[in-house]
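Q: Sharing a structure here in C-alpha cells format.
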Amino acid sequence: MNHGIYLLKQAWEGLRESKGFLVAIVTTLGITLGALLCILTLAYVVILKPLPYPEQQKLFMVESVVVDKNRGKLANAYEYPSLIRLFDNQTVFSDTALVSFESGIVGSLPSQPSVTNAFVTPGWFSLLGVNSMTMGRVFEDTEKKDSYNAAAILSYELWQREFNGDSDILGQAITVDNTDYRVVGVLGKDFIEPGIRGVGEKTDVFLSWDYNRENQSDMRESFGSFARNLRFMGKLDSDLSISQVEQTLTGPFNSHWQENVTEISGLKDWSVKIELKQLKDVVLGDSKQTITLLLAGVVSLVLIAIANIANLFMSRTVEQQRELAIKAAVGASKRQIFQSLLTQSGLVVGVSVIVGVVIASLGFWLLQQYLAQSLPRVDELSINAFTLCSAFLVIVMLGGLFARISSGMINYSALNMTLQSSGKGTGIQVSQTVRQLLIISQVSLVILLVFISMVLLKDSLKVINQPLGFSTESVSTLTVKVNSANSLSEEERKSLMMELKKELLALPQVEDVSQSVLPLRGSRRITVGTDEEELSLVETKYIDDNYFQLIDQPLIEGDYFSEADFQDENKVIIINDVYANQLRANGSAQGSVIGTKLFTVVEWRTVIGVVKSAKMSTDSDVPVRAYIPSEESTPQFLIKLKPQQSLSREVIANTLQNVNRQFFVSVLEPLNAQRDRMLFSQYITAITSAVLAALTFFLAAIGLHGILSYTIQMRRFELGTRLAIGAKRGDIVSLIIKDNAISVIIGFVISVIAMLGLYLGFSDALTEYVNSQLFLVFFGTILLISIMVLFACYLPLRSIINNRPFRSLRGN
C-alpha cells in the first residue's frame, strides 16, 4: 500500500512538471471518453436494460393489422367494436389493458391548458406495476370498462405545472373537454410511461376508459372506420408460441369483422389479423440503428484520440529517458520501471475519466433536453453502475495500453549508456514501424469517419432544404376545441364556425383565412378508386375554397374549389399530379384527368383540378393525395398574417370567447414551427455530423502533426546535411511527403475496404445513401485529408528549411 502511494505521489509530481502534457491528454481524452460513456450508457439503457415493469418480458402490444389481398399490409388500426370483442373474449393474457390516446383542454382551469389524455382501463396500472403515488390511488374495479365512473389521475408534471402542487387536489372535479372527472390520484415523480404512443410522448392526465371519443360516438358499434389511437396491452400467460397465439386470436377476430363488413363495397379483399409485439420492441422502435451509428462514430473518435495520446506518451517517454536511466542505475528492475510507467498512465487516464464522467452527465442533460422526442428512454439516463464499471474498465485498459507502449520503447540494456552519454545519440526512440502504423491508423479512421459524417450531413441538408411544394411563410395554424360539441347541432356548429372565420378575418393582423385541415398534418386515409370494387387507401385532406391560394400551392390543370363547392358540399375532388399520373398509367384516364369519376368511401366524386404535389419533409416518396371540400363545421383554420405581424394566443382566445364561451384554443402555431419540429431529427443529424467531422479532422490533424514533427526532429541532422550540400527547400518537402506517402496510401486503401465491408454488411440500410453524388463526397473527403497530410508534412519542416543549415547540424 505504502509503495503504491509512493508511486502515485511520484507520478503526480512528474506530471505537475509537465502541465502541457497533462492538459493535452486530459482535455482530448476527457471529451472523447465523456462522449463514449454517454453513448455507451444510452445504448445500455435503450437496448440492454430491462423495462422498469414487472415481468416485462411477458408484456405485449396486441396490434390489429389491416391487409389487402392484392396490396399487402395497409395499416395498423383497430375498429372499436372489434377491439372491445377481442378484449372481452381473449383467454391468452392474464392481465390486459385498453388505451385510447387523445388531446383535450382542461376547461375548469382559468388558463384552459391543452393536455394529452389517455383513456385507460384499470389493468394499465397493474401491468406497469404502479405502486408509488404522490397521493391517492390508481384506478380500481370501480373504474373498469362499462362502469361509467368518471375518474382522473394526474401526472406529477401536470399537477405541479397547472395545479401548483395543490395538496388538496384529491376529490376535486376537473373538466376535460365537456366532462367532469373526480381526481383520485397523482402519479409519482419517478413514474416512467412506456412510449407506445410515440417516442417522448407523455400523458398529462389518465381518464376512465368509458369516456373515450370512440365510445361516445357512432364508432362504438359501427364497422368500416379504423382508429389509430387505440391500443391493447396484455401480459402473456400461455404455453403457445407467439405465432400460435397470433393465429388463435386472428381466427375469430377476422371472422367477426368479415361478418360485419359484407355490405361495405370495396372491402371484399380486405382482412384483419392480430400481431403481437413485445413491449420493449415497441418502445425501442427503429432507434437501434441510430444508436449503433452514434456508438460507431464515438468509438472511431476515441480510437483517433487514443492514437494521438499514444504519440504523446511516446514523446514523453523519450523525454523521461534520463530519469528512467537513473532508476535503472540504482537497481530498478524492468517490472519496477513498468509499474512506474503504469502508475503515470493510469493516473492521467483516471483524471481524464473523471472529467469524462462529468461530460457524460452533461451529455445526459443535453439528450433529455433536445432528443427526448427522437430517442426512447432518455429520461432514464443517469450515472449508474454500468457507467461507473465502464469508466473503471477504460482506466484499466487504456492505462495498461499506454504503459505497455511506453515500456515497449525502452531498451533496458542501453539505459546506462544513456546516463553516461548525457542522453545524446543513444536515447529512446520510436521505431519507424510504430510511426508508420500510427499514420496508417490515423488516416484510415479519419477518412472513414469524415466520409460517413459528410454523407449524413449531405443527406440531412438535402431533406432540410427540400421544397415543400407550398409556402409556410407568415402562415399560422389554429385548432379550436369546442367543449359543448355534444350539445351543438351540426347547423349550429356551421354557423358558429362561419362567424369565427369572419371574426378572424376582421383582425388587423390577418390578411386571409382558410377553414381547412393543416397542411403538414391532418390527412385521413380513405378508400378511393375508379371502381367500387377496387379501392385503395389515399391520403385525403378536407379543405375549403381558399386553401391552395393561401399557401400558394400551384394548380396544374382544371380549377380550384369554388365557394359554392365548399358551402354546398358539392361532390367534387382535386388530386395531386402523382395521382393523376397513376390514373393515366393504369388506363383510368386518357390525357386530361379532369372529369374522371372517383368513388370515395360511399359516393362518387368528379375530378375538377390537379395540383402540384406537396412533399412532406419526412416523406421518402411523394404519396398520391386527394382533396375534398370540408364541412363548414371544421374547427381548423389557416391564418395568413400581414407582413411584419404576429398573432398571440391571448388575442385568439379573446376572439373565440367573443364568438362562443365554449370555444377554446387547442393549438396556435406558425407553420414554420411545425416544419422545424418535423425536421428536428434532421437538424440534430446535420449538427452532430458536422461537429463529429470537424472534431475528427481536428484530432487527426493534431495527431499527424505530432507524429511527423517527431519524425522530422529525429532526422534533423540528416535534413540539415542535405541542405548544406545543396538540396533545395522543395526537395526536402518532397522527400518528407514521399517517405510518408506509402503509409497514407495504405490508410486510404484500408478505409475503402472498411467502407465496402460496411456496405456489404448493411446493404439494406445503406442503399438509400448510394448515388452518383456519393463519389463526389468521397473524392472531396480524400482531397480534404490529402491537404491535411500535406500541411502536417510541411509545418514541422519550416523551422529547418527556413533557417540556415548549420542550425540543424548543431541541433538548434
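From the backbone N, Cα and C atoms, a Cβ is placed for every residue, glycine too.
Automated prediction, rather than curation, is the source of TrEMBL annotations.
Below are the features I grabbed from TrEMBL:
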DOMAIN    25-250  domain 'MacB-like periplasmic core'
DOMAIN    298-402  domain 'ABC3 transporter permease C-terminal'
DOMAIN    445-646  domain 'MacB-like periplasmic core'
DOMAIN    691-802  domain 'ABC3 transporter permease C-terminal'
TRANSMEM  21-47  transmembrane segment
TRANSMEM  293-314  transmembrane segment
TRANSMEM  341-365  transmembrane segment
TRANSMEM  385-403  transmembrane segment
TRANSMEM  437-457  transmembrane segment
TRANSMEM  683-708  transmembrane segment
TRANSMEM  741-762  transmembrane segment
TRANSMEM  774-797  transmembrane segment
Q: So which of 25-250, 298-402, 691-802 is most in touch with the domain 'MacB-like periplasmic core' (445-646), counting Cβ pairs under 8 Å?
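A: That would be 691-802.
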Q: Please count the residues of the domain 'ABC3 transporter permease C-terminal' (691-802) that DSSP assigns to helix (H, G, I), strand (E, B) and coil.
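A: The counts are 103 helix, 0 strand, 9 coil.
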Q: So, by DSSP, how many helix, strand and coil residues make up the domain 'ABC3 transporter permease C-terminal' (298-402)?
A: 89 helix, 0 strand, 16 coil
Q: Just to confirm my parser: what is the rounded mean pLDDT across the domain 'MacB-like periplasmic core' (25-250)?
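A: A mean pLDDT of 91 is what the predicted model shows over the domain 'MacB-like periplasmic core' (25-250).
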Q: State the residues, same chain only, that lie 6 or more residues beyond the ends of the transmembrane segment (683-708) and have a CB under 8 A from a CB inside it; answer 'none' if no residue qualifies.
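A: Tertiary neighbours of the transmembrane segment (683-708) are 28, 32, 294, 297, 300-301, 304-305, 307-308, 311-312, 315, 370-371, 374, 435, 438-439, 442-443, 445-446, 449-450, 453-454, 456-457, 459-461, 464, 676, 736, 740, 784-785, 788-789, 791-793, 795-796.
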Q: With Cβ-Cβ distances below 8 Å as the criterion, list the same-chain residues six or more beyond the ends of the transmembrane segment (293-314) that contact it, or say none.
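A: Distal contacts: 21, 24-25, 28-29, 32-33, 35-36, 39-40, 42-43, 345, 398, 401-402, 405-406, 409, 430, 434, 438, 441-442, 445-446, 448-449, 452-453, 688, 692, 695-696, 699-700, 702-703, 706-707, 710.
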